[in-house]
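Here is the structure we will look at.
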Amino acid sequence: MTRWVQTFLLLVAVIRSYAEDSCPDVKVIGVGASDKLTILRGCPGIQGVPGPQGPAGPVGAKGFAGARGIPGDIGPTGLKGEQGYPGARGLKGEKGDPGVPVPGTAQNCKEWLDQGVTISGWYTIYTPNGLTLSVLCDMETDGGGWIVFQRRADGSVDFNRDWNSYKRGFGRKDSEFWLGNDNLHLLTATGNFQLRVDLTDFSDKSTYASYSNFSIAEESQSYTLSLRSFMGGDAGDSLSGHKNFSFSTKDRDNKSNCAHTFKGGWWYETCHYSNLNGLYLHGNHTSYANGVNWSTGRGYHYSYKVSEMKFRPQP
C-alpha cells in the first residue's frame, strides 16, 4: 500500500473518532415500521451571555458573637475635666447621742467633774465646733460641774460696754468677767442646761436662784434669753420676767433705752427685774435700779458684793 493511502486512512479514522465524541447519537424507537421514530440528539450550543443580576435576598439571621479579643494597651490619661457645680444641700440628720469624752478632755465642767476633777478653777474645754475655750469651773456649789459665765466681785471691771465687747467677752480671770455671748450661744445651743444665780451681799449672806432649760440664741436673734421655769432658791425669781427678751447694750439698745439708763448690758424690756451687770455700788444706794440688783432679793436700792451666773447640763 502506498504511503499516501495509509495517511488518508489514518485521517479518516481520526475524523470518525472526533465525530463519535462530539456529535449526538441517532436512536430509533419503535417495533413496527410505522411505529419507528428517529431521535437525533443535537450538539451542545455555544455558552450564552450571563443574564442580569437578580435582586438581593433577605437579610440573614445574626451570627453568633465571636470570641473576645485580647485587651489592648491602656491609653494615655485624659485631661482633667472642669469642676462641677455643688449639689443641693441634703436634709439635716437627726440629733445624735452625746459622745463619750476622751480621757483628759471635756466639753464642759461637768465632764471634768466626772473624770475626777474636784477643785474649782480655770480649765480648758472643747466647744461643739472643736475649738478650745478656757472657762471657770465651780466644782463645789450644789454638786459642782458649773461653767461660770458672769462674775462680779470688786468693781475692778467696767460692765457698761458696747455690743462687740459683750459678744466676744471681757474681764479678768482673777476677779470679774463676762464669758461672751457668742460662747454662751455655742455652749447652750445643743442639750438642756440648768442655770444658777449665786448672790452674796456685803454682810456675806449668800442666796441663790435656779432655772431649767437655759439657753442663749445666736447673734442674728440678739442673743435672746430662753428659760423654762424657776426651780427655786431663797433669792427669789427675778429672771423669769426677762425670758424671751433680746440682749441690749449702750450702743445697741433693743428695748426702751434701758441699757443706757441702767449702765450695763442685759436682757431688757421695760426695763428690768434684775440687772447683775449694772454699776458696782457697794450695798445700799439712793439711785434707782442701776447697781448689781436683784429685785426679789435686796431690791432696787441694794447692789450686791458678789454675783455669779453659771450653768451645767441638766440632771
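Cβ coordinates come from backbone N, Cα and C, glycine included.
The cysteine that Swiss-Prot pairs with Cys271 in a disulfide, picked from Cys137, Cys258, is Cys258.
Disulfide pairing as given by Swiss-Prot: among Cys43, Cys109, Cys137 connects to Cys109.
Outside the region 'Disordered' (75-99) by six or more residues, the chain places 190-191 with a CB less than 8 A from a CB of the stretch. Within 10 Å (C-alpha to C-alpha) of Thr270 (carbohydrate binding site) lies none of the recorded positions Cys109, Cys137, Asn213, Asn244, Asn284, Asn293. Excluding the listed site residues Thr270, Cys271, His272, the same chain places Lys255, Ser256, Cys258, Phe262, Tyr268, Glu269, Tyr273 with Cβ atoms within 8 Å of the centre of the carbohydrate site Cβ atoms. Residues of the region 'Disordered' (75-99) grouped by DSSP class, helix first, strand second and coil last, total 0 helix, 0 strand, 25 coil. Summarising the environment of Thr270 (carbohydrate binding site), the number of other Cβ atoms within 10 Å of its Cβ, over all protein chains shown, is 9. Cα of Asn254 (N-linked glycosylation site) to Cα of Cys271 (disulfide bond): a span of 11 Å.
Annotated pair Cys137 (disulfide bond) and Cys271 (disulfide bond), C-alpha to C-alpha distance, rounded: 31 Å.
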